[in-house]
Each structure stands twice: as C-alpha cells, then as structure tokens.
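These features come from TrEMBL:
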- CYS27, CYS207, HIS232, GLU236: Zn(2+) binding site (BINDING)
- 29-39: motif ''HIGH' region' (MOTIF)
- 264-268: motif ''KMSKS' region' (MOTIF)
- LYS267: ATP binding site (BINDING)
- 307-341: coiled coil (COILED)
Amino acid sequence: MKIFNTLTRKKEEFIPITEGKVKMYVCGPTVYNFFHIGNGRTFIVFDTIRRYFEYRGYEVSFVQNFTDIDDKMIKKANEEETTVKNIGDKYIEEYYKDADRLNIERATVNPRATEYITDIIEFVKSLVNRGFAYEINGDVYFSTKKFNEYGKLSGQNLDDLQAGARINVDERKNDPMDFAIWKAQKLGEPAWESPWGLGRPGWHIECSCMAKKILGETIDIHGGGMDLAFPHHENEIAQSEALTGENLANYWMHSAFVNVDNKKMSKSLNNFFTAREILEKYDADVVRFLMLSGHYRIQINFSQDLLESAKASIERLYNCINNLENLIDEVNENKISEEEVVYLKSLDKYRDKFIEKMDDDFNTADAISVLFDLTKDINSNVGINSSKELCEKSLLVIRELGKPLGILQKSTKQDLDSEIQALVDQRQQARKDRDFALADKIRDDLKNRGIVLEDTPQGVRWKKVD
Ligand code: AMP
Ligand code: ZN
C-alpha cells in the first residue's frame, strides 16, 4: 500500500509500526459552530482512509480531537453570553449529528483539549526544563531555533520563515518564529492554574499532547487539511520531537481544500455551506460521492452543478442496486448454476482493480470508476433469468466495494415505507375499479414526491428519482 507522505514529498510503501495495526491522529474541528463541507471533506477523506485500512484487515486506532478552547470559542461564548464549556458541549453534539448522517464512523477516541490540561501542563513543563521553551510574563513560547529540524514538514528553512514573519504587538516573544504553547489569562478568559500562573494552552500543544497520551510517542499517520501543514503540524513536530526525540508520525497526510470560486471555503470568508444545509437537500451518499470522486490531494471547486452531477452519478449506481433488489424478489431460480459461478468469479477482477487503485495512495477517483464498470457488467449480465443466489452475491460485491467509501450501503427497499406502499396498492385497486382519474392522481402525487411508478410484467415497480 502506498501513501503520499507530505514529509518526504513522495509516495512511500506503508509499513506500520506494529504489524496489522494502524495508529492515526486527525485534527478535528474547533467546536464553535456547525462544520462546513470543507471541513466535511477532510473528515470524509480520513474516514475513508480509516475504513479502507479496516477493509484490508488492519485494526485501526483512530483519534480525532475537538479543539474546545481558543479565541473563536471564547468569542462565541461571549456573543451567546454563555460559557466556553457550554459552546463546546453544544457543537460537539451537533458535530456528531452531522457526522453520523454523513456516514462518518465514530472515532476510537474523540479527545477534548480541555480534558487534557494537566497533561498539557506537564508537556510544557518538560519543554521548559529541557530548554526548548521559555516563559515571559505568564506566556510560554517554544524556541524554534532550538529545534534543528524546524521547517522539515513544510520544506522551508528557518531563515526564510523568519524573513516573512511578523510579531503581533501583544506578543513578547524572543524570536518572530517562536510560538505560544501556554497563554497567560486575559481579562474574562477561562483559565487553569499552572506553574506560570493562570492561563490556557496554545492550539498546537493540544494535539501534540493528546496524540502522545492516547496513541504513544510515534504514530503511523497524522492527518488534517492542507492548511494545517504549516504552522500547526510543523509546530506539533517541533514540540513532540523536542520532547521525545522520536518521530511524531511516520506518514503525514493532507487533504486538499474545498474551494468556492477558487477561494478556500472558510468561516472567515463567509463563503461556506454547512454540512447540515447540504444534507437537507442531498443524501449523504451524494456528498460522499462528490468528495471522493476526485483524488484527496486535488482541490474541489464546489458548486451546485457538481452536487447535481454527483447526485446523478450515485443514482446510476443505486439503479443497479435497486434492480438487483427487485430481482431477488422476482426471479424463479434459487440456486446458482455452474455458468453463473463462473460469471460471479469473473467479478473478482473488479475487486482486484479496486484494491489496486485504493492501494495507490487512496485513489478513490479511479476506485469509483471501477464501481461503474462493475455495475455496468452486472446490469448486462444479471437479469430476470438469473438465479436468486447470483443476484444476491452480485449485490454483495457492490456493497463490499462501496463500504470503504461509505457509500452504497442503503437498501432501495427501505424507502418503501408503508405509506408509499399503501398508495401504490390504492392505485392498483383504483385501476382495477377502472377509476383512472384516482389512479392518475395517486401517480401524480407520488411523482411530486420524487417517486415514479413503472408497470412491468412482474407488476408495479417504484423508483425514487430525487
Ligand atoms: P477547523 O474547524 O477550521 O479547525 O478545521 C477542521 C478541519 O477541517 C481541519 O483539518 C482543517 O484543515 C479542515 N478544513 C478547513 N477548511 C477546509 C476546506 N475549505 N477544505 C478542506 N478542509 C478544510
Ligand atoms: Zn491538530
């Protein structure tokens, strides 16, 4: 399996620290608002990577943190006249609602920064004791010059970085590139007791500390959006590696942005769509399809057209599922024939191809093309004269390959709730009674709800079209 490692700027063979296991840490959301679909892409990408490792038989420890203390959290709490803790509680709950709907598997652990304050203080203390950090009036800064490899992740050297750096007026650090790992309390801010007085942790130290505490000194994969490579991950490396002398992560992975009009979707630019508002109109399968139909290292320029085309594409895949589900109810023969066994075996080539594509730095774009080839093959070879077993097993192949992508797991039958079924039955009765006006009305009403009926030799079938 090959992974593009931001650290070496190369695709490398994945060699886990412990055979059969993967330890992953992904930077999660700052919980002061609903997440937007730019954030959503990063969550979906790493969820897919995790799912794929699991599909390949790895046991994955997946940690994604919640940043629940920072300037934005404090500002939001002030605006809403409540505590930072309440804001965190609220938006963590909302995060789970949206993430669950997006079929994002729950992490092994979702640590909250504020639950690790004691460990963070210990971490900072050790860095000060070893001479990697210094205190000025209650702030503690990491001294980037002391860490020889500073800049190795982003491929920049300290001199160039320094030339471009500016010191904010409220900062009292020795060197422009130094960064705060502990911040003295400002008026009205939440704070914790520390050897440097009341204060709170800096953002970078939280991830260094939680990754170490939960997963150990060296992890297999550290991930996040592209914007985090510098300075966040660079600073995490400096702090963690200064402390332990070990590599923080063997592989660094960064997913590309979702843009709008070629600008990064972000809360500050106010050019965002929340996952929640998109999910009101589009299914999770559509959103995941959109995010995964391009390679994770290529930017997506988000638009309504893109959503619509993702919707049309996923529908084509679901039509095959719908067809198979109907056939399972309708075909006469139960047992698979010898000829069909041979055909079923021929589908292995799609599985092999899918794995080949995903093994190549999680090329979901090409893996999805394989899914289209598979369904095309099934559509032309499995039909009303096939055995039930073949229909079932073909369906299982589609589901199997959809699972690592978190798509194609729904039954098209589940939508047939009793209300719709009752209407379909009522329409059949009306036709029998030759009440064509009523029959047509029911048909039109269903159509308005996005359900179309088809008369087939096997009876009335229905399909959801949006
Ligand atoms: P935040 O809540 O801003 O701290 O971001 C949470 C995660 O979403 C981080 O891994 C970010 O790198 C990622 N992220 C933020 N904006 C975007 C975007 N427009 N496209 C893709 N990922 C993003
Ligand atoms: Zn982080």
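Just so you know, the numbers here start at 1 and follow the chain as drawn.
The backbone N, Cα and C atoms fix where each Cβ goes, glycine too.
Within 8 Å of the Cβ centroid of the Zn(2+) site, not counting the listed residues CYS27, CYS207, HIS232, GLU236, the chain contributes TRP203, HIS204, GLU206, SER208, HIS222, GLY224, LEU228, HIS233, ASN235. Among the binding-site residues CYS27, GLU236, LYS267, the residues whose Cβ sits under 6 Å from any atom of ligand 1 are CYS27.
Residues within less than 8 Å, Cβ to Cβ, of HIS232 (Zn(2+) binding site) and separated from it by at least 6 positions along the same chain comprise CYS27, TRP203, HIS204, CYS207, GLY224. Of all the binding-site residues listed here (CYS27, CYS207), it is CYS27 whose C-beta has the fewest other C-beta atoms within 10 angstroms. Rounded to a whole number, the distance between the Cα atoms of GLU236 (Zn(2+) binding site) and LYS267 (ATP binding site) is 24 Å. Counting every protein chain shown, the Cβ of GLU236 (Zn(2+) binding site) has 27 other Cβ atoms within 10 Å. Regional average pLDDT for the motif ''HIGH' region' (29-39) in the model is 97.
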